[in-house]
Amino acid sequence: MNTNRAYRGRFAPSPTGPLHLGSLVSALASFLDARAHRGTWLVRIEDVDGPRTVPGAAEGILDTLRKFGMQPDEEPIWQSQREGAYQRAFDLLLSAGRVYPCGCTRREIADSLARSHAGHARHTTLAYPGTCRDGLHGRPPRAWRVRVPDGDAAVFTFEDRWQGKQTQDLATDVGDFVLKRADGEWAYQLAVVVDDADCGITHIVRGEDLLDSTARQIYLQQCLRVPTPAYLHVPVVENEHGEKLSKQTGATALDTAHPLAALTLAAKHLGLETSCVGSLETFFSDATMQWARRFGT
Ligand code: GLU
């Protein structure tokens, strides 16, 4: 088979529990997109968030992916082994004067937002108000934040391959955001940008819940002078209460004895019509063909 060296995609699960239908949808979509492009598909274990990482969950996810016929083309990447890369990126941003220490507690930020929104019931943005932009006001540093641009430069627009044109004003919707947390952990936003750049990721396919993070990530890519990949955000799977399916909202582990049943459900969620009888091979070739037709790859 001709492989397309230009395409590199990835699935980046957080090991907070076993793979469930919601995470399978993201895995399948990114896998099909890579296949449809004859590209390379990687798996990155996002275990940078120490407190949320469940021991053994990553191995379980990798094992389930294998049983479901989705084998990464290269060795999995583990965020917990990439501290040095995050520190180097952080130091670059620090020496460019883009990051600053913040002494605010969650409570102080919430109180300050409540004060500034008093009488403006409809104005409910949760953007960080920039309290520590010009100094810590005598308080100890807690988290480190990156300064977002002001005015027109804060408006980021990108074309999502599934959702269409997206626009977000980082100054009014988000504010200066955290790169290093008060507990000393690297924030997801920094780790994801550094990893995608270092792995040469050209196409990101993931759940719609991360659409809201994309402008932040594009901004960081620009600050670090690394390329911006193409984005595609798939609809998330919800439970009966309309909540995103996750371990916290009652997702159950997939039945690894019946991969085709779960894969067919995941494919259906993506608008693909596949059969749950037959082999994994037939499933993947049908699903890839439909995906390629739909996204014109
Ligand atoms: N680790 C994130 C999650 O499981 C996904 C990050 C990404 O795809 O950028 O929700």
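Every residue, even glycine, has its Cβ placed from backbone N, Cα and C.
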Additional site residue, GLU46, GLU238 [criterion: listed by TrEMBL with ARG10, PHE11, ALA12, PRO13, SER14, TYR188, ARG206 for L-glutamate]: GLU46
Stated TrEMBL location of motif ''KMSKS' region', expressed as one of 104-108, 119-123, 159-163, 244-248: 244-248
Sequence-distant neighbours of ARG10 (L-glutamate binding site) in its chain (C-beta under 8 A, six or more apart): SER30, TRP41, LEU42, VAL43, ARG44, ASP196, CYS199, ILE201, ILE204
Binding-site residues close to ligand 1 - of ARG10, PRO13, GLU46, TYR188, ARG206, only those whose C-beta is under 6 Å away: PRO13, GLU46, ARG206
Site with most surrounding Cβ atoms, counting all protein chains shown within 10 Å, from the binding-site residues ALA12, LYS247: ALA12
Largest separation between Cα atoms (Å) of residues that the record links to L-glutamate, namely ARG10, PHE11, ALA12, PRO13, SER14, GLU46, TYR188, ARG206: 16
CB contacts for TYR188 (L-glutamate binding site) [other CB atoms within 10 A, all chains]: 21
Neighbour tally for ARG206 (L-glutamate binding site), based on other Cβ positions within 10 Å of its Cβ: 24
